[in-house]
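Enquirer: One structure, as structure tokens, below. Some questions next.
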Amino acid sequence: MNKYVLLGVTALIMAMVICVEANDGNSPSRKMEEVHRESKLMITKTTVSIICASTDYKQDCTTSLATVRSPDPRNLIRSAFDLAIISIRSGIDRGMIDLKSRADADMHTREALNTCRELMDDAIDDLRKTRDKFRGFLFTRLSDFVEDLCVWLSGSITYQQTCIDGFEGIDSEAAVMMERVMRKGQHLTSNGLAIAANLDKLLKAFRIPFPFLRSRRGRLGILGSGSSRDESVGSSQDSPPNEDSSDDSPSTVDSSENQPVDSSSENQSSDSSNNRPLDSSKNQQMESSEDTPKKSAFSGNQPLDDSSDKLPQKSTSSENQPLDSSENPPQKSTSSENRPLDPLRKLNPLNKLDSLKDRHLSEEGEFPPWVTPHSRRLLARRPRNNGIKANVVVAKDGSGKCKTIAQALAMVPMKNTKKFVIHIKEGVYKEKVEVTKKMLHVMFVGDGPTKTVITGDIAFLPDQVGTYRTASVAVNGDYFMAKDIGFENTAGAARHQAVALRVSADFAVFFNCHMNGYQDTLYVHTHRQFYRNCRVSGTIDFVFGDAKAVFQNCEFVIRRPMEHQQCIVTAQGRKDRRETTGIVIHNSRITGDASYLPVKAKNRAFLGRPWKEFSRTIIMNTEIDDVIDPEGWLKWNETFALNTLFYTEYRNRGRGSGQGRRVRWRGIKRISDRAAREFAPGNFLRGNTWIPQTRIPYNAN
């Protein structure tokens, strides 16, 4: 039934109640109570139907909200998030019981189950943040408010799926059992995302007024209804809610807001789990590789071939030249509306990719809006030039306060609200580093991405360690930054999944960093992430995950794989069609190192493949060398996600960018200039609200 018809029915019911009360005033109180109760139930049922109309799992939505005895749509929407939390907690508790005997008998199943418990806590945290922000229901820009809700709900979906994926290759029967007990929680979270994505329509349908907000001068003002995109710009940089909040029972709530549903023609996600194989080789058996490193493999930059392009082949590292340079005069920022979409018409930084280290990075430019002016100053300076005042210095030779990064992280105040700078001096640090969820506003500053290197060698083989646990460095604390650091995993191609860096933090920024490995080098796991002037190398799926990640002016280097393997740059893991996530490669370069070029005809390389049903990858204004196969994209299997994925290439250059022989799947899109702007950093990461005062050219489009 159309929602407006339902509203009419609701109004009619309310009118009937009023008439009964007016004309039957002398009736017994019991009769009046029954009429009230029945009318309230009918109104609640109608309201639930309207709320659930946009969801993919309507039966789960209506049956769960039927337990909430409130006709107020705001209470019902908040209860939808609460009920998802309860369902997830119930599911993981059930899973811990059902899998106990298997976990007791097998160490790897036990570790996967423990990882699941941790991930479910993270999924619940994101739902709590959503619920708490909805409870406050204060905003100056509806679209920014909904953006936060959708990012966190997308994160919750990803955490739940990561739990299930963790059993693949370890205990497939346990994976099936866990998927079964977690299914309802996944469905309710997906429904929550659908509700959030259509929140503006719900507010209008229920005629819920936008909230009163206090202006800067202290006067109260009310935001008018209508399109949220035309409202005054506000901040979406709210501090994280109290993580210790445990009020998860359905209760009363205020209202909230919305973001449009993804415009691509995508179908409803299936429940089947398609998990990433150990490698992409046609022959799946284990093979040795002469390229498996026997020590830290990244003491310097990998040589780049100079036969396939005309780009400079110098090092992209900046340790020998300071970023600050007074030679570059300030340049005025131009309006993003009047600026040409292709920044290369006026500026071609890609052809000078290796000279970016000479450009002056101002304290207020080039960074997303969550980067404070203080943090921008820190990113623009070099520690040895006394530009950064570190809270802690880490040095292997004992010249700092700490000898290990773990010791320095132990000094970060819990739920820190100010930037905590850790200067990591030159050296190779072989330690497993974790920035926990309670370590907020942490910043790593090194002496150069080839001089300060954090390394590890944990991999799936031979010990069957889950991909999530293989990371040399794991970043979970929000507002994390890293500058001039190298991250690597030296396990080698023969040991399959081996993550150098996993990022689950919201508002994470990486500048002039290297991420080096083979399979699964960089795990962009969840939330909003921005990479600038970075270098990522690997073989299979070496940028993967389900974050909302933008790579700007970065370099992606394909390395030599095992004998029968193919190389894939990206494997994006968007599972729900309404998730706002995706991988955007903007104004960058995709190339191969010297070891790969001799085998590129036999070991073909592709831009990406779909890890999950609604995988979304956008490559724009990027130099693509002839290391990429003319077909461009690789199937996961014969038919999986070919109709539901969203892959597009826009205004790229280079000998590997030709579209004539690209695959012709339904999910491969050709987009207009206007559509491309939605994926440019300014819009995709809300970068159009960045502070415009910059001394270097900046183009949000």
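Note that Cβ sites are derived from N, Cα and C of the backbone, with glycine treated the same way.
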Enquirer: Swiss-Prot pairs Cys534 with one of Cys554, Cys567 in a disulfide bond, so which one is it?
Expert: Cys554
Enquirer: From Thr467, Thr526, Thr580, Thr581, grab the residue that Swiss-Prot records in the same substrate site as Gln497, Arg609, Trp611.
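Expert: Substrate site check in Swiss-Prot: besides Gln497, Arg609, Trp611, the record includes Thr467 out of Thr467, Thr526, Thr580, Thr581.
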Enquirer: Do you see any of the recorded positions Asp520, Cys554, Asn637 whose C-alpha is within 10 Å of Asp541 (active site, nucleophile), and which ones?
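Expert: Passing the 10 Å Cα cut: Asp520.
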Enquirer: Give me the CA-CA distance between Cys534 (disulfide bond) and Asp520 (active site, proton donor), in Å, as a whole number.
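Expert: So the Cα of Asp520 (active site, proton donor) lies 16 Å away from that of Cys534 (disulfide bond).
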Enquirer: Give me the non-local Cβ neighbours of Asp520 (active site, proton donor): same chain, 6+ apart in sequence, Cβ-Cβ under 8 Å, ordered along the sequence.
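Expert: Within the chain, Asp520 (active site, proton donor) has Cβ neighbours under 8 Å at Thr467, Thr470, Gln497, Ala498, Val499, Gly538, Ile540, Asp541, Phe542, Phe544.
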Enquirer: Suppose we draw a 10 Å sphere around the Cβ of Asp541 (active site, nucleophile). How many other Cβ atoms does it contain, all chains included?
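Expert: For Asp541 (active site, nucleophile), the count of other Cβ atoms within 10 Å is 28.
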Enquirer: For a quick check of understanding: among the recorded positions Gln519, Asn637, which residue's Cβ has the most other Cβ atoms within 10 Å?
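Expert: Ranked by Cβ atoms within 10 Å, first place goes to Gln519.
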Enquirer: Among all protein chains shown, how many Cβ atoms are found within 10 Å of the Cβ of Cys554 (disulfide bond), not counting that one?
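Expert: Result for Cys554 (disulfide bond): 25 other Cβ atoms within 10 Å.
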Enquirer: Can you tell me how many other Cβ atoms are located within 10 Å of the Cβ belonging to Cys534 (disulfide bond)?
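Expert: Looking across every protein chain shown, the total is 25.
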Enquirer: How many Å lie between the Cα of Cys554 (disulfide bond) and the Cα of Gln519 (site 'Transition state stabilizer')?
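Expert: If we compare the Cα positions of Cys554 (disulfide bond) and Gln519 (site 'Transition state stabilizer'), the gap is 19 Å.
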